[in-house]
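K.L.:
Mind looking over this structure? Questions follow.
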Amino acid sequence: MVKFKRILLKLSGESLMGSQSYGIDPNRLADYAQQIKEVHDMGVQVGIVIGGGNIFRGLSGSQKGFDRVKGDQMGMCATVINSLALSSALGAIGVKNKVMTAIRMEPIGEYYNKWKAIEAMENGLVCIFSCGTGSPYFTTDTGSSLRGIEIEADVMLKGTRVDGVYTADPEKDPTATKFDDITFDEVYNRHLKVMDLTATAMCKENNLPVYVFNMDVVGNLKKVLEGEPIGTLVHN
Ligand code: UDP
(Lines of atoms letter the chains of each structure in order from A and count residues from 1; the text may use other names and numbers.)
(Lines give C-alpha, C1' and ligand atoms only; values in the text may rest on other atoms or scores of the structure.)
Protein backbone atom coordinates (compact mmCIF):
# COMPACT_ATOMS: atom_id res chain seq x y z
CA MET A 1 0.00 0.00 0.00
CA VAL A 2 1.38 3.41 -0.91
CA LYS A 3 0.71 6.31 1.42
CA PHE A 4 -0.03 8.83 -1.34
CA LYS A 5 -1.57 8.20 -4.76
CA ARG A 6 -0.48 11.45 -6.42
CA ILE A 7 2.47 13.53 -5.26
CA LEU A 8 4.04 16.85 -6.14
CA LEU A 9 7.76 16.46 -5.53
CA LYS A 10 9.73 19.67 -5.03
CA LEU A 11 13.47 19.41 -5.62
CA SER A 12 15.72 22.36 -4.99
CA GLY A 13 18.12 23.41 -7.68
CA GLU A 14 20.81 23.73 -5.07
CA SER A 15 20.60 20.01 -4.24
CA LEU A 16 21.26 19.19 -7.88
CA MET A 17 24.75 20.66 -7.48
CA GLY A 18 25.71 17.70 -5.30
CA SER A 19 29.33 18.20 -4.32
CA GLN A 20 29.89 20.86 -6.99
CA SER A 21 29.65 24.61 -6.39
CA TYR A 22 27.57 25.30 -9.53
CA GLY A 23 25.47 23.48 -12.09
CA ILE A 24 24.37 19.87 -12.21
CA ASP A 25 26.14 16.91 -10.60
CA PRO A 26 25.40 13.94 -12.92
CA ASN A 27 25.59 11.47 -10.00
CA ARG A 28 23.05 13.40 -7.93
CA LEU A 29 20.81 13.70 -10.98
CA ALA A 30 21.01 9.94 -11.58
CA ASP A 31 20.25 9.27 -7.88
CA TYR A 32 17.17 11.47 -8.05
CA ALA A 33 15.99 9.82 -11.27
CA GLN A 34 16.43 6.37 -9.72
CA GLN A 35 14.49 7.35 -6.61
CA ILE A 36 11.68 8.76 -8.73
CA LYS A 37 11.63 5.55 -10.81
CA GLU A 38 11.23 3.51 -7.61
CA VAL A 39 8.04 5.30 -6.55
CA HIS A 40 6.74 5.52 -10.12
CA ASP A 41 7.13 1.73 -10.32
CA MET A 42 4.96 1.51 -7.17
CA GLY A 43 2.13 3.12 -9.18
CA VAL A 44 2.43 6.58 -7.66
CA GLN A 45 1.45 9.47 -9.94
CA VAL A 46 4.36 11.90 -9.91
CA GLY A 47 4.49 15.63 -10.66
CA ILE A 48 7.80 17.42 -10.11
CA VAL A 49 8.91 21.02 -9.70
CA ILE A 50 12.64 21.79 -9.68
CA GLY A 51 14.24 25.02 -8.56
CA GLY A 52 17.01 26.84 -10.35
CA GLY A 53 19.23 28.03 -7.50
CA ASN A 54 22.18 25.93 -8.76
CA ILE A 55 22.30 28.17 -11.81
CA PHE A 56 20.68 31.55 -11.14
CA ARG A 57 18.44 33.29 -8.63
CA GLY A 58 16.73 36.56 -9.53
CA LEU A 59 17.08 38.08 -6.08
CA SER A 60 20.83 37.51 -5.87
CA GLY A 61 21.11 38.75 -9.46
CA SER A 62 19.33 42.00 -8.58
CA GLN A 63 21.79 42.51 -5.70
CA LYS A 64 24.53 42.40 -8.33
CA GLY A 65 22.81 44.96 -10.52
CA PHE A 66 20.55 42.84 -12.75
CA ASP A 67 17.04 44.08 -13.37
CA ARG A 68 14.88 42.03 -10.97
CA VAL A 69 12.30 40.93 -13.51
CA LYS A 70 14.94 39.92 -16.06
CA GLY A 71 16.84 38.19 -13.27
CA ASP A 72 13.75 36.24 -12.30
CA GLN A 73 13.22 35.32 -15.93
CA MET A 74 16.80 34.04 -15.97
CA GLY A 75 15.98 32.05 -12.83
CA MET A 76 12.93 30.56 -14.53
CA CYS A 77 15.09 29.60 -17.52
CA ALA A 78 17.41 27.88 -15.01
CA THR A 79 14.48 25.74 -13.83
CA VAL A 80 13.90 24.72 -17.45
CA ILE A 81 17.53 23.61 -17.79
CA ASN A 82 17.21 21.51 -14.62
CA SER A 83 13.87 20.10 -15.75
CA LEU A 84 15.34 19.03 -19.09
CA ALA A 85 18.27 17.42 -17.29
CA LEU A 86 15.91 15.44 -15.05
CA SER A 87 13.70 14.54 -18.00
CA SER A 88 16.74 13.18 -19.82
CA ALA A 89 17.93 11.23 -16.76
CA LEU A 90 14.47 9.71 -16.27
CA GLY A 91 14.21 8.84 -19.96
CA ALA A 92 17.62 7.12 -19.80
CA ILE A 93 16.29 4.65 -17.22
CA GLY A 94 13.01 4.06 -19.05
CA VAL A 95 10.68 6.41 -17.16
CA LYS A 96 8.31 8.09 -19.61
CA ASN A 97 7.92 11.74 -18.75
CA LYS A 98 7.17 15.15 -20.12
CA VAL A 99 8.33 18.65 -19.35
CA MET A 100 5.66 21.32 -19.15
CA THR A 101 6.49 25.00 -19.07
CA ALA A 102 4.57 27.82 -17.41
CA ILE A 103 5.82 30.09 -20.21
CA ARG A 104 5.34 29.08 -23.84
CA MET A 105 8.55 27.66 -25.31
CA GLU A 106 7.59 24.78 -27.58
CA PRO A 107 9.25 22.48 -28.55
CA ILE A 108 11.36 22.57 -25.37
CA GLY A 109 8.29 21.72 -23.32
CA GLU A 110 4.52 21.63 -23.60
CA TYR A 111 2.66 24.72 -22.39
CA TYR A 112 1.30 23.88 -18.94
CA ASN A 113 -2.33 22.88 -18.67
CA LYS A 114 -3.81 21.30 -15.54
CA TRP A 115 -5.99 18.77 -17.33
CA LYS A 116 -3.29 17.67 -19.75
CA ALA A 117 -0.96 17.21 -16.80
CA ILE A 118 -3.46 15.07 -14.90
CA GLU A 119 -4.23 13.04 -18.03
CA ALA A 120 -0.51 12.42 -18.59
CA MET A 121 0.04 11.35 -14.96
CA GLU A 122 -2.98 9.04 -15.11
CA ASN A 123 -1.43 7.51 -18.24
CA GLY A 124 1.76 6.78 -16.34
CA LEU A 125 3.94 9.73 -17.36
CA VAL A 126 5.96 11.69 -14.84
CA CYS A 127 5.24 15.40 -15.36
CA ILE A 128 7.98 17.95 -14.75
CA PHE A 129 6.60 21.45 -14.29
CA SER A 130 9.20 24.07 -15.14
CA CYS A 131 9.36 27.90 -14.92
CA GLY A 132 7.82 27.86 -11.42
CA THR A 133 4.65 29.98 -11.56
CA GLY A 134 5.77 31.67 -14.77
CA SER A 135 5.83 35.08 -13.05
CA PRO A 136 8.66 37.07 -11.47
CA TYR A 137 8.83 37.73 -7.72
CA PHE A 138 7.79 34.15 -6.96
CA THR A 139 9.84 31.11 -6.06
CA THR A 140 9.68 27.50 -7.11
CA ASP A 141 8.32 26.69 -3.63
CA THR A 142 5.32 28.79 -4.56
CA GLY A 143 5.33 27.17 -8.01
CA SER A 144 5.21 23.78 -6.26
CA SER A 145 2.34 24.73 -4.00
CA LEU A 146 0.44 26.11 -6.97
CA ARG A 147 0.99 23.04 -9.14
CA GLY A 148 0.41 20.69 -6.19
CA ILE A 149 -2.97 22.29 -5.53
CA GLU A 150 -3.89 22.43 -9.23
CA ILE A 151 -3.08 18.80 -9.98
CA GLU A 152 -4.92 17.78 -6.79
CA ALA A 153 -1.87 16.11 -5.30
CA ASP A 154 -2.34 14.34 -1.97
CA VAL A 155 0.83 15.94 -0.64
CA MET A 156 3.76 18.12 -1.56
CA LEU A 157 6.98 16.27 -0.83
CA LYS A 158 9.74 18.77 -0.24
CA GLY A 159 13.04 17.02 -0.79
CA THR A 160 15.81 18.91 0.99
CA ARG A 161 19.23 18.15 2.39
CA VAL A 162 17.92 18.10 5.98
CA ASP A 163 15.64 15.40 7.30
CA GLY A 164 12.75 17.58 8.41
CA VAL A 165 11.68 20.75 10.19
CA TYR A 166 13.71 21.71 13.27
CA THR A 167 13.23 24.22 16.08
CA ALA A 168 16.24 26.05 14.62
CA ASP A 169 18.62 25.53 11.69
CA PRO A 170 20.29 22.19 12.56
CA GLU A 171 23.29 23.11 10.38
CA LYS A 172 23.93 26.11 12.68
CA ASP A 173 22.43 25.15 16.06
CA PRO A 174 23.39 21.69 17.44
CA THR A 175 20.65 21.89 20.12
CA ALA A 176 17.89 22.10 17.47
CA THR A 177 15.28 19.35 17.70
CA LYS A 178 13.15 17.89 14.93
CA PHE A 179 9.34 17.97 14.68
CA ASP A 180 7.53 14.82 13.54
CA ASP A 181 4.67 17.08 12.57
CA ILE A 182 3.83 20.75 12.89
CA THR A 183 0.98 23.02 11.79
CA PHE A 184 1.33 25.77 9.19
CA ASP A 185 0.37 28.29 11.93
CA GLU A 186 3.18 27.11 14.16
CA VAL A 187 5.67 27.31 11.30
CA TYR A 188 4.57 30.91 10.80
CA ASN A 189 4.52 31.85 14.49
CA ARG A 190 7.97 30.36 15.13
CA HIS A 191 9.36 32.00 11.95
CA LEU A 192 10.61 28.61 10.74
CA LYS A 193 12.05 28.62 7.25
CA VAL A 194 10.26 25.67 5.71
CA MET A 195 9.20 27.54 2.58
CA ASP A 196 8.64 31.19 1.78
CA LEU A 197 5.50 32.79 3.20
CA THR A 198 3.61 32.86 -0.10
CA ALA A 199 4.10 29.13 -0.59
CA THR A 200 3.17 28.38 3.04
CA ALA A 201 0.01 30.51 2.79
CA MET A 202 -1.03 28.80 -0.46
CA CYS A 203 -0.66 25.34 1.09
CA LYS A 204 -2.44 26.34 4.29
CA GLU A 205 -5.38 28.01 2.55
CA ASN A 206 -5.83 25.15 0.11
CA ASN A 207 -5.15 22.41 2.61
CA LEU A 208 -2.17 20.85 0.83
CA PRO A 209 0.04 19.10 3.42
CA VAL A 210 3.79 19.34 2.96
CA TYR A 211 6.19 16.55 3.91
CA VAL A 212 9.79 17.68 4.40
CA PHE A 213 12.45 14.98 4.14
CA ASN A 214 16.05 14.40 3.09
CA MET A 215 16.01 13.44 -0.58
CA ASP A 216 19.79 13.27 -0.75
CA VAL A 217 19.76 9.89 1.03
CA VAL A 218 19.08 7.31 -1.68
CA GLY A 219 15.93 5.30 -0.93
CA ASN A 220 14.27 7.98 1.18
CA LEU A 221 11.60 8.92 -1.34
CA LYS A 222 10.40 5.30 -1.39
CA LYS A 223 10.39 5.23 2.41
CA VAL A 224 8.13 8.30 2.50
CA LEU A 225 5.69 6.60 0.12
CA GLU A 226 5.80 3.46 2.27
CA GLY A 227 4.80 5.58 5.28
CA GLU A 228 8.09 5.48 7.19
CA PRO A 229 8.22 8.52 9.49
CA ILE A 230 11.58 9.87 8.33
CA GLY A 231 10.67 13.55 7.93
CA THR A 232 8.24 16.20 9.16
CA LEU A 233 4.61 16.63 8.13
CA VAL A 234 3.38 20.22 7.94
CA HIS A 235 -0.40 20.43 8.01
CA ASN A 236 -3.44 22.47 9.07
N1 UDP B 1 11.50 32.18 -10.26
C2 UDP B 1 10.53 33.12 -10.60
N3 UDP B 1 9.21 32.77 -10.52
C4 UDP B 1 8.80 31.55 -10.11
C5 UDP B 1 9.79 30.61 -9.76
C6 UDP B 1 11.13 30.94 -9.84
O7 UDP B 1 10.84 34.25 -10.96
O8 UDP B 1 7.59 31.30 -10.07
C9 UDP B 1 12.93 32.53 -10.42
C10 UDP B 1 13.49 33.31 -9.24
O11 UDP B 1 14.43 34.24 -9.71
C12 UDP B 1 14.19 32.22 -8.44
C13 UDP B 1 14.74 31.34 -9.53
O14 UDP B 1 13.70 31.35 -10.52
O15 UDP B 1 15.22 32.73 -7.64
C16 UDP B 1 15.07 29.93 -9.13
O17 UDP B 1 14.06 29.38 -8.33
P18 UDP B 1 14.28 29.08 -6.76
O19 UDP B 1 15.10 30.18 -6.15
O20 UDP B 1 12.96 28.82 -6.17
O21 UDP B 1 15.13 27.78 -6.85
P22 UDP B 1 15.66 26.84 -5.65
O23 UDP B 1 15.98 27.72 -4.49
O24 UDP B 1 14.56 25.88 -5.31
O25 UDP B 1 16.83 26.14 -6.27
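Just so you know, glycine gets a Cβ as well, placed from its N, Cα and C.
Annotations for this protein, taken from TrEMBL, read as follows:
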BINDING   K10, L11, S12, G13, G53, R57, T160, Y166, D169  ATP binding site
BINDING   G52, D72, T133, G134, S135, P136, Y137, F138, T139, T140  UMP binding site
DOMAIN    5-214  domain 'Aspartate/glutamate/uridylate kinase'
K.L.:
In whole Å, how far is G53 (ATP binding site) from S135 (UMP binding site) when you measure between their Cα atoms?
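P.N.:
Computed Cα spacing between S135 (UMP binding site) and G53 (ATP binding site) is 16 Å.
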K.L.:
Report, in whole Å, the straight Cα-to-Cα distance of T160 (ATP binding site) from T139 (UMP binding site).
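P.N.:
Their Cα atoms are separated by 15 Å.
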K.L.:
Quick one: of G53, S135, which of the binding-site residues has the smallest count of other CB atoms within 10 A?
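P.N.:
Each of the binding-site residues G53, S135 was scored; lowest Cβ tally within 10 Å is S135.
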K.L.:
Filter the binding-site residues K10, S12, G53, T160, D169 down to the ones within 10 angstroms of Y137 (UMP binding site), Cα to Cα, kept in sequence order.
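P.N.:
Those near Y137 (UMP binding site) - Cα within 10 Å - do not exist; the answer is none.
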K.L.:
With H, G and I counted as helix, E and B as strand and the rest as coil, say where DSSP puts K10 (ATP binding site).
P.N.:
strand
K.L.:
Around D169 (ATP binding site), how many other C-beta atoms are within 10 angstroms of its C-beta?
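P.N.:
Excluding its own Cβ, D169 (ATP binding site) sees 11 Cβ atoms within 10 Å.
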K.L.:
Of S12, T133, T139, T160, listed as binding-site residues, which ones have a Cβ less than 6 Å away from ligand 1?
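P.N.:
Cβ under 6 Å from ligand 1: S12, T133, T139.
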K.L.:
Mind giving me a neighbour count for T133 (UMP binding site)? Other Cβ atoms within 10 Å of its Cβ, every protein chain shown.
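P.N.:
Around T133 (UMP binding site), other Cβ atoms within 10 Å: 22.
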K.L.:
Using an 8 Å cut-off from the Cβ centroid of G52, D72, T133, G134, S135, P136, Y137, F138, T139, T140, can you name the remaining same-chain residues around the UMP site, in sequence order?
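P.N.:
Neighbours within 8 Å of the Cβ centroid, excluding G52, D72, T133, G134, S135, P136, Y137, F138, T139, T140: G58, G75, M76, C131, G132, T142, G143.
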K.L.:
Find the shortest Cα-Cα separation between G52 (UMP binding site) and the binding-site residues K10, S12, T160, D169, and name the residue that gives it.
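P.N.:
That would be S12, the closest of K10, S12, T160, D169 to G52 (UMP binding site).
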